[in-house]
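Colleague: Per Swiss-Prot, the features are:
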type	residues	note
REGION	1-31	region 'Disordered'
COMPBIAS	1-13	compositional bias 'Polar residues'
BINDING	142, 143, 357	pyridoxal 5'-phosphate binding site
BINDING	199	substrate binding site
MOD_RES	333	N6-(pyridoxal phosphate)lysine
């Protein structure tokens, strides 16, 4: 992505945002927040609510709650806010006739797309697609995008079976209505231990991160391979980590060779996020792609959380420099729109094999256009790289200053997509709670990890505030 502006340290993307956190209550939520949550509980499940937010007052990198507490947000709504709260560009776009028309006349895109849909799809998705990707299916969420990616791989496998007349057989047509073969064949999708790909029936079967996501739910008996468990610092464990990655590739080979039914797709995150911010080297992904190609298995890269700039490139997998583009790349979160990029028209099934009423949300496609243009205009990828380097160096210093508190620091050279392990799950949870009451909204992942997910407008002065708070509270 080319840039049209150069950001200096004196440039503030949000000149009117607070100078820093400000806490007015002894707890978060405070009295007003607790009262609002109680009112919500009459109609809405609040069991996972952290605190209600005043989104009218929130700005830039700062959340404001109902009691007037101001928090530096380095979790950004589970990595979904790309360019700040109440971004002026987005607010202006929201008041445009284009957005008003599309919001108030939401189309069933599969049947009745608006006249400008080709332009919207190009400007809001394809223009910023990963290298080599040419087409897009819009969906409603990251889970949905992954689910449909599996479906496209399965339908490609099924539709390309040789048949005497070229059309589906009577037995296939009849048996599928009874959830039976040959019309409903047994096929599988390979995923990796500690992965997270969503909570729908197919995507949940490939999610392997936490029991709470899966307990009580039926699941497809699909295979999983180990994701590399790298040792840190990376430069001190080169040989061990290479052996670990090869072990995982050998496991993939074994599964694809011996699984009892065809494995039609393999899905993987560039960095396992919910599962603990687990990394692997570009060499691992090169070997994985080669292994999948050998067995004619579709390669799906889940960029739902890693996509749209947090790693310093628009798409994390582009840092691997693969010889071929992945078969599919799924996206959501910071993109705001959700969907699947692909480059082979053969993945398009017959009409109505993949279909739903909405087939995406045209408003979100328009919103993504403004977001991605803002990323380019404000040179936010370079901002993420430079701030990420500064932040990582600061965390290295704190790790030396506080031995045993910041373990397995990872994400060097990956923008602000940084994480570390606390001593225990309890220590991690306490740290997150302490940071919140001291003005920083931060999140965890995996067993005992802290993951940083600031916005792309997170700057050096924000990083200095964050490092100071970590130093005080770790």
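Any Cβ shown, glycine's included, is placed from N, Cα and C.
Note that the coordinates shown come from a computational prediction; the quantities given were computed from them, not determined experimentally.
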Colleague: Enter the number of other CB atoms within 10 angstroms of the CB of the residue listed as 'N6-(pyridoxal phosphate)lysine'.
Modeller: 24
Colleague: To the nearest whole angstrom, state the Cα distance for the pair residue 142 (pyridoxal 5'-phosphate binding site) and residue 199 (substrate binding site).
Modeller: 10
Colleague: In Å, rounded, how far does the Cα of residue 143 (pyridoxal 5'-phosphate binding site) sit from the Cα of residue 199 (substrate binding site)?
Modeller: 6
Colleague: Quick one: pull the CA-CA distance for residue 357 (pyridoxal 5'-phosphate binding site) versus residue 333 (N6-(pyridoxal phosphate)lysine), whole Å only.
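Modeller: Spelling it out, the Cα of residue 357 (pyridoxal 5'-phosphate binding site) and the Cα of residue 333 (N6-(pyridoxal phosphate)lysine) are 22 Å apart.
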Colleague: Could you state the whole-number distance in Å separating the C-alpha atoms of residue 199 (substrate binding site) and the residue listed as 'N6-(pyridoxal phosphate)lysine'?
Modeller: 15
Colleague: Ranking the binding-site residues 143, 357 by other Cβ atoms within 10 Å, which is at the bottom?
Modeller: 357
Colleague: Can you tell me how many other Cβ atoms are located within 10 Å of the Cβ belonging to residue 142 (pyridoxal 5'-phosphate binding site)?
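Modeller: Taking all protein chains shown, residue 142 (pyridoxal 5'-phosphate binding site) has 26 Cβ neighbours within 10 Å.
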